Amino acid sequence: MPDHPPTHPRVVRRTSAGYYESISYDLGVNAVLRRRINRDSVNSQPRAPPARRVASHAASRLESRVRFAARASRYALTVVIGVITGACAWGVSAATMQIVTMQSALVSRYYGDDARATTTVFFVTSATLGLVGGWMAIFYAPAASGGGVTQVMATLNGARVPGLLSGRTLAAKIVGVIAGVGSALAIGPEGPMVHIGAGIASVCALYWPRKFLCEDKEEAEASRADALRRRYNETASSSSEDGYTDDDYSDERSESGAWASSESDDEEILDGDGAMDGLLAESRRRRARRRAATRRQRWPRFGESQKLDAVLLDLAAPSTHRDFVSAGAAAGLAAAFGAPIGGVLFSFEEASTYWSQRTMWRCLICAAIASFVLALLDLRGNPGMVFITGDSLRPTTPRDYFHQLPFFVIVAALAGLTGVTFNKIQAWTSRFRPAPKHKIARLFECVAVVLATVGIRFAASAFAGQCMAPPDAWVEDGFGVRFNCPEGEINDIATVFFVYPGRAIGWMFGMAEHVWGEAYGFTAQGLGIAAVCYLVMMALAFGIAVPGGLFMPSLFLGACTGACSGLMLKAALPESWDIQPGIYALIGATSALGGVFRSSVSLVVIMVESTNGQAFVFAIIVAVIVSNLVGNYFAHGIYHAELSRSKTVAYLPRDPSSSLDGKTAADVMATPAAFLPEIAFRDAVKSLLEHTTHNGFPVVDDRGKLSGLILRSQLEVLLAASPRDAAPSASETTQSRLDLEMRTAHIQRVTKGATPGVAAGLLDETLDDIEVERIMRTNSTPRRPADADADHAGGDFASPLVDIRTYMNPAPLAVPLDYPADRAHGVFLSLALRHLPVIDDEHIVRGIITRKDLIDARPH
């Protein structure tokens, strides 16, 4: 490669195709933004003219008001997100509870009288609900499938998962999780509540920016084309009516600031017919008036309000949106478990990659509001969707810990192993799941898994369940499911399989010393069989399209394992040991969660808050430590294992892979890099976007040295603008408008996706130093659109120029060739980067690193 590479774009060859796009959190302080900042600073100097100082004082007051309004709007949105999430959690909880209660009543009352009819009705209703949940996630909103926690983690890590946080996905998730839990699948609503909370946060945060800052590009183009064709068919003689001049058009176009249509677009629609010049001019004038009227309707009170624009831009910023999504995820989990502090810690420990004090405050407020709203709406007075209590448990004493600590450790290790076993089984079964493109097969899979799950529940209850009298202390609580037992008795396995899982877990936690000498309502044999069967049902359910999570199933699996162990210890040890099986059920539930998810501090707080078990915090800590040690010895947690296996999400874990040890940036970078000059031909930029799929391009100066970085979305905005607006001679007003569009491109209703390209060939257009200087000198004075078009049509150059220098990030972070690869990994996470250019000693671009390159460097 020469020391000074040519200034034409070059195409990089990659092997990481297939990953989702990354999120750009910062466009940098480009020339447009820096010019505005410098102008405000100069005007505020004491030596500035009085008029400028007055204007600067007004601008300063406006800026302070903008900061206050932005801060107030963020807090108000945080409260709104918490309220909606809490109300949504209550609706999901009430609906699922009602469905499961009706199914439980059906089995308890009618199975003994007519087993065949009861079983048939249960199978049909469950299959129907499973079909509804699967259809919603397969055909209506594919991003709603599964639990959604891993996708939210990927989004907060910097990957853009298409449709994950849209309103359509949110609706499908709510309906799908209600249908899925009601279909008797071994899934729970708690994981999806994280996704639902994140979706609510995204929809609320971007609603007003999308409404006021964006345009529906598809509608605008369609209406413009229809209008032009209609005018052409009617007449071409109305071009001069109303006496509307080109100067008026130019001024109104600059003032509207909300559209980016171009003369070249109109010419494309009419195939460049020269006889249509008058019609095109008239169309531009009418379109300008129509745009201005639409703008006034959109801003009925504020007009061209700088204050509101700034507030909406703040809400539309990707970093602000990321903070709201983190808060929504925390609120979703907090509402699910009634654990606001646990929700915040979960967002910090698992969901969020980027964390700050501001994010923490938003998460805390949002989680507290969500839990409060759910507690207000819940007629049972429970603070969470799965609130479980062991009020009958006697608080553990130092004597209990001294005698039973070895048993605590053994049971925690055993329950942790059940979680590890589940992870291994689901990793194996995932290889046999139908591919997402096989939609009918996935729908049949959902129905088949529902039928198999219901069959396991009925078979285990009928053939392995034991009839026994319910404990007197639990009769008033509606304990037990009769199933096939005589009147006055209950079936122990049916009791755990045909009631709401939260109630069954609460009963297992309530096995204390108040019933010494009496039956608990459960047997060690029945709970052991239930644990094995439920492990199979979990492995079948996880990975199908029906929305559902693993929090509740993991709690249930661990509670069965721990309660079974506690009952066996109680039967084997003397009564003086004061064995409480409920404590072992609590330890087992906590350990199973730790074995599946590998959370630590957040898991302790969630279990303490959701069970009201402050007296058992030491036992919970023991369970978390042991289960994490056991789980980490065998494999990663379920979330990180899923993300590491993903072929579409480039997720960067907090710790760099050991495969990066000893490697440098030159070893992992993609080379040669596709770069652009500061002033490029329009056709060259268009060709570059058509023949590559990259989303960021280094910008080099006339000496070939790195001078900036520009994104694909910014280049698309420049190409969508008219040649005059995208040229170096564009006015400051036009440049400010284009910069605004670039900063809101990610929230457009209709966006232009990356065009699939091929990594081959070079673009023909180049600019040498003399040509660049001459063209910039020629175009230094703004001219009318017609003059510019005439120059481009009849001049020496067939393609107009695009000003990249004004909009690029002029200070991108770059690293040398020998920069350690593991430190590059840390730089990506700490600074939320999307592209990292690699330069040599002369600041010449030698390659570029993205998160995809760091992922591809890992062993597969």
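Heads up, residue numbers simply count up from 1 along the chain you see.
Positions of Cβ are set from backbone N, Cα and C atoms, glycine also.
Annotated transmembrane segment per TrEMBL: 75-100, 120-141, 170-188, 324-348, 360-381, 401-422, 443-464, 522-544, 550-571, 583-608, 614-635, in sequence order. The region 'Disordered' annotation in TrEMBL covers 231-273. Residues annotated as domain 'CBS' in TrEMBL: 668-726, 808-860.
In summary, the transmembrane segment (550-571) does not lie against the transmembrane segment (614-635): fewer than three C-beta pairs, each 6 or more positions apart in sequence, are under 8 Å.
In the predicted structure, the domain 'CBS' (808-860) carries a mean pLDDT of 89. Across the domain 'CBS' (808-860), the DSSP tally of helix, strand and coil residues reads 17 helix, 14 strand, 22 coil. It is 120-141 that, among the stretches 120-141, 401-422, 443-464, 522-544, 614-635, forms the most Cβ pairs under 8 Å with the transmembrane segment (170-188). Here the listed stretches are 120-141, 324-348, 360-381, 401-422, 522-544, and the one with the most C-beta pairs under 8 angstroms to the transmembrane segment (614-635) is 401-422. The stretch with the most CB contacts under 8 Å to the transmembrane segment (324-348), chosen from 75-100, 360-381, 522-544, 583-608, is 360-381. Among the recorded stretches 75-100, 120-141, 360-381, 443-464, the one sharing the largest number of Cβ pairs closer than 8 Å with the transmembrane segment (522-544) is 443-464. Stretch with the most C-beta contacts under 8 angstroms to the transmembrane segment (120-141), considering only 75-100, 360-381, 401-422, 443-464, 583-608: 443-464. The listed stretches are 75-100, 360-381, 583-608; of these, 583-608 has the most Cβ pairs under 8 Å to the transmembrane segment (401-422).
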